[in-house]
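Colleague: Here you go, one structure.
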Amino acid sequence: MSQNTARISEIIDNARVSPYQIIILSLCFLIVLLDGFDTAIIGYIAPALREEWGLLPAQLSPAFGAGLFGLLLGSLIFGPVADAIGRKRVLLVSILIFGGGTLASAYTQSIESLTLLRLITGIGLGGAMPTCITLSSEYSPARRRMIMVTLSWSGFTAGLALGGLLAGQIIPAFGWRGVLMLGGIAPLLLLPLLAWQMPESVRFMASSPKHAASLRKVVERITGKSWTGVTILDDERPAQARSPMSHLFTEGRAVRTLLLWAAFFCSLFVFYQLTSWLPSILKDAGYDIVHASRIGAMVPLGGTLGAILMALLMDRVGPYPVLALSYLGAALVVGATGYLMGDVYTLAATVFLVGFGVAGAQNGLNLVSATIYPTAARVTGVSWAMASGRFGSIVGSMLGAWMIAAAGSPEVFFIWLALPVLVGSAAIFLLYRLSLNRRAPAADSALPN
């Protein structure tokens, strides 16, 4: 390499973690916290909606499914757009959409209008999440990427938990509309700060000479020294004129992509079954709205702690063994949940462990997805992996009412719910076996096996 050139990954990896990087990751944390809050809102307000509008559980399914279908659309639409025009602009537009959609939902008067607004909100949510994963990964040095990205992404599960805790307080005082108003106003207030402080993706800027000046300013803020006269390069050869989607199935990535999609599908199938239907299941089992919301919040609370502890383990032994064992343990706990619903504290602890295993591992899965693909298709790769998960979440949320009725009891329902967790564990184990044989070509800073 010429003395007057430098690779962006080497700059990030060799520099000390700067206050500017901490600001960026903190902003990502706030974004995904609000993303998680708005994603989970419908599940927490569902018991109050049923009571006020006289709805059966099956009548809520379209609202659940519309929001998750919006997440799927947002992932598919905004991923390639972000790879083409930049991450920051897509991120700001996505936040505007999901903040505005959630705020408008507070004024809805029917399940039909709420369903439409949940679709719009979901599109914005689906665009924001993969973009944040990409940004937080690119601004973290390889030596600390696991823990830094996990701490940033733990905002999602923290937001889910916050939704449950606040819903239990807001609904009795202000009704379910108050929860939606809070979920809409907060991201809109964050927009000016993001426009001011959030930079563009360093790898996106490094991939095009027209962004050289902007990239140099960002690098100088990170390193604290001048880079005048130095050409900062991406770590990859310029992308050929082909669709970002083609990178997902070429150069040895096809099987890895399909296994990753299977793991995402199963993980989010179960996760959104729990976040969408657990409060209603608990209310039908005799718990009031306050206790149902608080117990439901144990899923993301457990996920937040699980994500942090798993990140520390993954830095030591690699992601795949940790994730496979986490899903395996979670399957056993999910299957036992229906038999432990008699005591509120035992149930809360059990649900916490379910969240620890399922939601905690999902955070690690998000990070793995960001390392498999090259810059030219990174947001596309993450977006399509998340889209497969969104499809699982749609299927899960839409099947929730049917599964509850068909199972006939909580015991049978939770045993059924444990099966896709086992499939997810098997998919991760197969990814682990593949990683022992070869690493994905063109992946930046591959994770340890």
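Each residue's number is its place along the chain shown, starting with 1.
Cβ coordinates are placed from backbone N, Cα and C, and glycine is handled just like the others.
Reproduced below are the annotations present in TrEMBL:
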- 24-436: domain 'Major facilitator superfamily (MFS) profile' (DOMAIN)
- 20-46: transmembrane segment (TRANSMEM)
- 58-78: transmembrane segment (TRANSMEM)
- 90-109: transmembrane segment (TRANSMEM)
- 115-135: transmembrane segment (TRANSMEM)
- 147-168: transmembrane segment (TRANSMEM)
- 174-196: transmembrane segment (TRANSMEM)
- 258-275: transmembrane segment (TRANSMEM)
- 295-313: transmembrane segment (TRANSMEM)
- 320-341: transmembrane segment (TRANSMEM)
- 347-368: transmembrane segment (TRANSMEM)
- 389-407: transmembrane segment (TRANSMEM)
- 413-432: transmembrane segment (TRANSMEM)
Colleague: Over the domain 'Major facilitator superfamily (MFS) profile' (24-436), what does the predicted model average in pLDDT?
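Modeller: Reported value for the domain 'Major facilitator superfamily (MFS) profile' (24-436) is a mean pLDDT of 86.
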Colleague: Check the transmembrane segment (347-368) against each of 58-78, 320-341, 413-432 and return whichever range has the most CB pairs under 8 Å.
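Modeller: Checked against 58-78, 320-341, 413-432; highest Cβ contact count belongs to 320-341.
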Colleague: Does the chain bring the transmembrane segment (58-78) near the transmembrane segment (115-135), so that three or more CB pairs sit under 8 Å (pairs 6 or more apart in sequence)?
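Modeller: By the criterion, they touch.
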Colleague: Would you call the transmembrane segment (413-432) and the transmembrane segment (115-135) in contact, using three or more Cβ pairs under 8 Å, pairs 6 or more apart in sequence?
Modeller: no
Colleague: For the transmembrane segment (389-407), give me same-chain residues lying six or more residues beyond its boundaries with a C-beta closer than 8 angstroms to one of its C-beta atoms, as numbers and ranges.
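Modeller: Distant Cβ neighbours of the transmembrane segment (389-407) are 57-58, 60-61, 64-65, 68-69, 71-72, 75, 126, 264-273, 276-277, 281, 413, 416-417, 420.
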Colleague: Under 8 angstroms, Cβ to Cβ: which one of 20-46, 147-168, 295-313 has the largest number of such pairs with the transmembrane segment (115-135)?
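Modeller: Comparing 20-46, 147-168, 295-313: 20-46 has the most Cβ pairs near the transmembrane segment (115-135).
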Colleague: Taking the transmembrane segment (295-313) as reference, which of 20-46, 147-168, 174-196 has the most Cβ pairs under 8 angstroms?
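Modeller: When the Cβ pairs under 8 Å are tallied, 147-168 comes out ahead.
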